[in-house]
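Enquirer: Okay, these came from TrEMBL:
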type: TRANSMEM; residues: C:12-31; note: transmembrane segment
type: TRANSMEM; residues: C:37-57; note: transmembrane segment
type: TRANSMEM; residues: C:86-104; note: transmembrane segment
type: TRANSMEM; residues: C:125-150; note: transmembrane segment
type: DOMAIN; residues: C:188-387; note: domain 'ABC transmembrane type-1'
type: TRANSMEM; residues: C:192-211; note: transmembrane segment
type: TRANSMEM; residues: C:223-247; note: transmembrane segment
type: TRANSMEM; residues: C:267-293; note: transmembrane segment
type: TRANSMEM; residues: C:319-345; note: transmembrane segment
type: TRANSMEM; residues: C:365-390; note: transmembrane segment
Amino acid sequence: MSDTTQSGPVLAADGTPLKRSLHRALRIQKLRALMLIAPLLAFVLLTFIVPIGQMLFRSVENDIVANTLPKTVIALQDWDAASGQAPDEAVFAALAADLYVASNEKTHTRVGSRLNYETPGISSLFRKAGRKAKKWDVENDGPFKEQFIKIDDGWADPDVWRTIQTYSPKYTNGYFLNAADMQKGADGAEIRPESERIYITLFKRTLIMSLIITGACIVLAYPVAWILANLPSAKANLLMILVLLPFWTSLLVRTSAWKVMLQQQGVINDTLVWLGLVADDARLVMINNQLGTIIAMTHILLPFMILPMYSVMQTINPSYLRAAKSMGATNWTAFWRVYFPLSVPGIGAGSILVFILAIGYYITPELVGGTKGVFISNRIAFHISTSLNWGLAAALGTILLAVVLILYWAYDKIVGIDNVKLG
Amino acid sequence: MKAKLTAFAVTTALVAPAAIAEEMTIVSWGGAYSKSQQLAYHEPYTAKTGITIINDDSSAEAVAKIRAMNEAGNVTWDVVDVVASDAMRLCDEGLAEELDHDAVLAAAPDGTPASEDFGDLIVSDCFVPQIVYSTTFGYRTDMVGDTPPTSVCDIFDLEKYPGKRSLQKRPIDNMEWALYCDGVAKEDIYDVLGTPEGVERGLAKLDTIKDSVVWWTAGAETPQLLADGEVVMGSTFNGRLFSAIAEQNQPIGMLWDMQSFDLDGWIIPAGLSEERKQRALDYLYFATDTQRLADQAKYISYGPARKSSAPLVGKHASLGIDMAPHMPTDPANAGNVHIYDYEWWADNRDDLDAKFQAWLAK
Amino acid sequence: MAALTPISRKPLSLVIPCIAGAGGLLGLFVGTANGSGLLGIVIGAALVSLMGLFFIFVLKNETTAKWISILFVAGLGFLFGGVPGVILGAIFGWLFHWFIYWTYEGRYRARLLPYLTPGQVLWHYTFLFICGAIFVFLITPILVVMPLSFNAQDFFTFTPEMLRLDPEGYSLKHYRDFFTNNEWQRSFKNSLIIAPIATIISVSLGTLAAIGLSQSHVPGRRAIMAILISPMIVPLIISATGMFFFYSQIGNWLEGTLGFNKTFVGYVKVVLAHAVLGIPFVIITVTATLVGFDRSLTRAAANMGANPVTTFFRVQMPLILPGVISGGLFAFITSFDEVVVVLFVGSASQKTLPWQMFTGLREQISPTILAVATILVVISIGLLTVVEMLRRRSERLRGMSPS
């Protein structure tokens with residue numbers, strides 16, 4: 001080739017320069033790939049990412065105070081929270097004017113319950129004051145300071161006013177501080193008293209227990225996947241039914257079944273007592289604690305580990321092992337140096353699946369976890385459906401999501417997401 | 001005769017589609033409770049008006065779902081059954097319609113206006129009380145020896161009644177019981193609980209039994225735990241216990257002491273069209289009159305919220321036993337009752353819940 | 001598998017300790033239950049060893065030995081445990097007979113490679129035992145559920161009547177409840193409508209996108225991949241509330257602007273939500289299958305004049321089908337077993353089976369949900385067996401020996 005010194009570009013069959021032709025082909029290929037991806041990407045973006053984004057945005061959104069109490073927010077700007085005194089009449093008059101409007105639109109209680117998340121008692125202050133304020137003549141009924149304090153002396157408490165002032169801006173980091181067991185104190189962020197710290201403990205517990213569950217799944221799934229991959233397919237398919245059956249059974253049913261088995265008057269304890277291995281008055285405690293959560297969740301997530309491992313192991317040629325042994329390797333060396341490295345992508349895929357699924361679980365921990373076996377998702381669910389503190393739920397969810405994304409990123413760096421095999 | 005019948009058939013055929021097309025979604029708790037409402041309210045109402053009623057068993061998620069519906073501007077529910085504290089929360093958030101009880105509800109047969117007939121059970125402007133229930137304790141009759149518990153403080157007595165007990169996984173009720181059994185007078189409970197020391201005192205009392213407690217979140221759990229013999233005693237709603245004792249013949253006894261009086265009732269979500277709101281009000285007028293409320297007690301042992309309904313409570317629909325003695329409102333059962341302070345809890349629930357959860361996790 | 005290994009009878013010095021050990025193990029349990037574990041071990045070991053010697057030297061007829069062993073141990077079981085004891089005893093009797101002959105005749109070596117050392121043989125069976133234990137772990141919860149679904153009481157409890165195998169303790173009422181109760185029937189139907197449609201959507205869109213993703217030059221591949229699998233990552237409760245708002249707006253638009261029927265729109269919402277949740281599973285499985293896909297095959301097809309559509313259906317699809325099927329399976333289960341999102345997105349007329357089960361568990365513990373689970377398990381065993389039989393039949397027809 002070297003001696004064919006041609007001037008001008010290499011031409012493709014149709015006479016266009018090869019470089020351009022290749023470029024065009026590449027562009028077409030890219031375009032075709034994108035067109036294949038586009039419908040799904042649009043679908044997921046629209047039906048999932050946008051709604052989740054909206055939901056997570058609530059973790060910083062805080063326009064309710066400024067929108068409902070516009071005059072008060074402005075009047076409060078000059079008040080010095082460190083003075084230890086309730087603000088003066090001007091602020092109370094502004095509040096009266098705001099409350100008059102708000103109570104007629106029935107939005108005053110909404111602000112009350114928003115601020116009540118930060119300082120208990122504010123909810124009823126607003127509820128009581130709103131009832132009176134509805135009938136006030138804002139122009140002439142003043143001065144209002146005494147009237148407010150007469151309704152409830154909580155209005156004289158500078159803490160209440162400090163809370164209103166702190167949460168005046170339209171955006172807040174308050175929810176994230178709460179989610180990290182902190183609060184907005186008089187001088188910026190501060191750690192909560194020990195009796196109220198819970199979220200960091202829960203985050204740690206969620207991570208540690210998810211890791212334990214993932215580990216347990218690896219240990220249990222590996223031999224099963226191995227035997228499925230190495231048996232003749234007729235037998236393997238029969239055994240596969242045993243793996244798939246639990247998968248087909250509702251999560252709720254399996255969780256209840258574990259309750260029936262693990263409790264102190266349950267099947268396992270009864271059997272052990274009947275066999276005489278455990279005394280009747282010393283039955284094992286296996287549920288309503290971390291052990292219960294680990295057992296039940298390992299069982300529920302095990303198929304997610306077995307199936308990807310199985311599909312990877314199926315592709316490993318058994319003759320590799322035989323070759324290793326024929327060259328003098330012991331059973332263990334042959335396995336550890338030859339088979340195991342080949343099966344790592346399966347372990348990786350299974351682990352990431354199981355770990356991510358475990359970290360977001362809440363129904364099973366709720367039912368079998370007792371007090372020490374519940375996850376952060378349980379608190380998220382509580383704040384969504386019971387306390388209505390969606391901002392805090394969104395903040396907790398955002399942190400959880402960030403943790404998962406970091407892990408996902410690390411996994412991608414170490415193993416590579418393309419190596420994930422699942423089926 | 002035949003012509004008449006045909007004419008009747010023709011008119012119904014013409015009228016029926018318009019009537020049948022109307023439907024409303026009523027949300028409740030599911031299970032036996034929804035069934036009692038189906039029999040006592042929905043079926044007669046459909047028979048009377050031709051409006052189809054769709055049952056949605058979502059009350060447990062009602063607060064969150066109503067809020068989401070309201071924000072999305074698509075409220076699909078017409079009438080919702082919630083507990084009083086949830087009704088209050090919804091009312092505070094502006095998610096439930098405020099009602100003028102005398103104007104929209106039926107008066108008692110003797111003409112007493114609704115607001116007096118319900119009395120102080122109307123704990124929120126949005127709330128129409130339906131039943132009175134109690135969170136109380138059941139115990140295994142075969143596991144307590146010859147001296148069944150008589151006082152709520154027996155819960156804290158691990159020596160006399162060894163074994164596990166089940167309590168609801170929330171501070172409400174448990175904190176009150178703990179303080180009461182720690183020697184706080186009944187009328188001072190909320191004053192004490194309002195101080196940080198009071199909270200600590202309550203948690204310290206609960207600490208004495210913490211290792212023996214199974215915490216429940218769903219009302220069906222305690223009856224199951226009792227039936228298994230997994231717990232010696234446990235708190236739950238009195239209707240659940242009645243069903244386990246009378247309908248399922250379980251060896252369970254009921255402890256009526258310091259039971260927490262609570263209410264369950266209807267709200268109308270805010271943001272309905274005027275037409276739907278009127279229909280919902282019409283349903284409420286029908287379903288909360290004196291006779292209907294008394295009818296529901298035939299199927300489940302919860303007390304009707306109207307004073308005027310109490311004398312009309314009859315026998316259990318299938319077992320034929322008198323229901324009055326099983327009602328939380330019966331004088332024999334209501335000797336020592338704990339009245340739950342809604343206003344106090346609305347203020348302090350979030351704060352105390354944080355402390356309670358931190359205590360649980362310790 | 002391996003070449004048939006000749007088997008030979010084993011010396012008594014190996015057989016007797018083995019079978020005595022097995023007998024001792026059962027003896028230990030029965031003994032501790034009745035006061036003395038040590039005595040139990042001795043008696044158990046002695047009885048089984050004697051039985052073994054009797055079979056080997058006196059009886060010499062395996063079928064008779066089987067029945068003697070079963071009847072004898074069942075009789076012992078009756079002495080200690082009544083009717084359930086008989087059943088357990090019969091099972092153990094059969095096991096002992098099998099174990100005695102298995103060790104004595106050296107049958108345990110029959111299927112193994114002839115050159116394995118005794119240590120390797122022992123490890124082989126230990127390994128099998130471990131796998132067996134894991135399978136037991138997988139399947140026991142389901143085995144527990146089945147008898148409980150025949151409970152005469154409305155609790156998840158093994159009543160004394162059930163343990164005595166008294167017919168009084170059993171009833172079919174929960175099955176009756178499932179088949180006659182409208183709520184259960186409706187939710188079952190809803191699940192059967194929603195899950196397959198959601199699966200079809202996520203499988204078809206997911207497979208296309210996976211093929212696109214597997215091309216060599218995709219700009220922003222990592223970011224796209226992260227977006228596509230995000231439904232699996234976000235905690236369900238957050239997804240549920242977030243999706244609720246979006247789907248309400250979609251619903252308003254479909255009902256208001258396009259004038260669709262309310263129930264239909266309700267189904268559309270749940271199906272779309274479930275389809276999104278199923279997508280990550282399809283994406284991950286199908287891309288994984290495509291990693292090993294030989295791209296020269298599509299080029300060859302194109303070379304021989306097939307257009308892209310033909311290439312896809314005739315060449316690519318059959319090869320990646322296993323991945324697509326297992327992705328579809330995951331997606332189907334995701335929808336069929338999903339309770340959190342449907343609680344928010346659905347309304348009463350789209351109540352699915354898990355939703356009904358959820359209220360069943362919370363509002364009244366009702367073994368009907370166990371009956372449903374049992375029915376589903378039986379159906380799926382049936383389906384899987386049929387599939388397996390069809391597969392074997394087609395292999396036979398194609399002249400392949402079952403691999």
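In case you wondered, yes, glycine gets a Cβ from its N, Cα and C as well.
What you are looking at is a predicted structure, and each value in this text was computed from that prediction instead of being measured.
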Enquirer: Which residues, given as numbers and ranges, are at least 6 beyond the ends of the transmembrane segment (C:192-211) yet have a Cβ under 8 Å from it?
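Expert: Contacts with the transmembrane segment (C:192-211): 228, 267, 270-272, 274-276, 278-279, 281-283, 286-287, 290, 312, 316, 320, 324, 327-328, 331-332, 335-336, 350, 352.
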Enquirer: Looking only at residues six or more beyond either end of the transmembrane segment (C:319-345), which have a C-beta under 8 A from one in the stretch?
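Expert: The answer is 191, 194-196, 198-199, 202-203, 206-207, 236-237, 239-241, 243-244, 247, 269-270, 273-275, 277-279, 281-286, 288-290, 293, 297, 351-355, 357-358.
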Enquirer: Between the transmembrane segment (C:86-104) and the stretches C:12-31, C:37-57, C:125-150, work out which stretch tops the count of Cβ pairs under 8 Å.
Expert: C:12-31
Enquirer: What same-chain residues lie close to the transmembrane segment (C:12-31): Cβ under 8 Å, and 6 or more beyond its ends?
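Expert: Here the qualifying positions are 37-49, 52-53, 56, 80, 92, 95-96, 99-100, 103-104.
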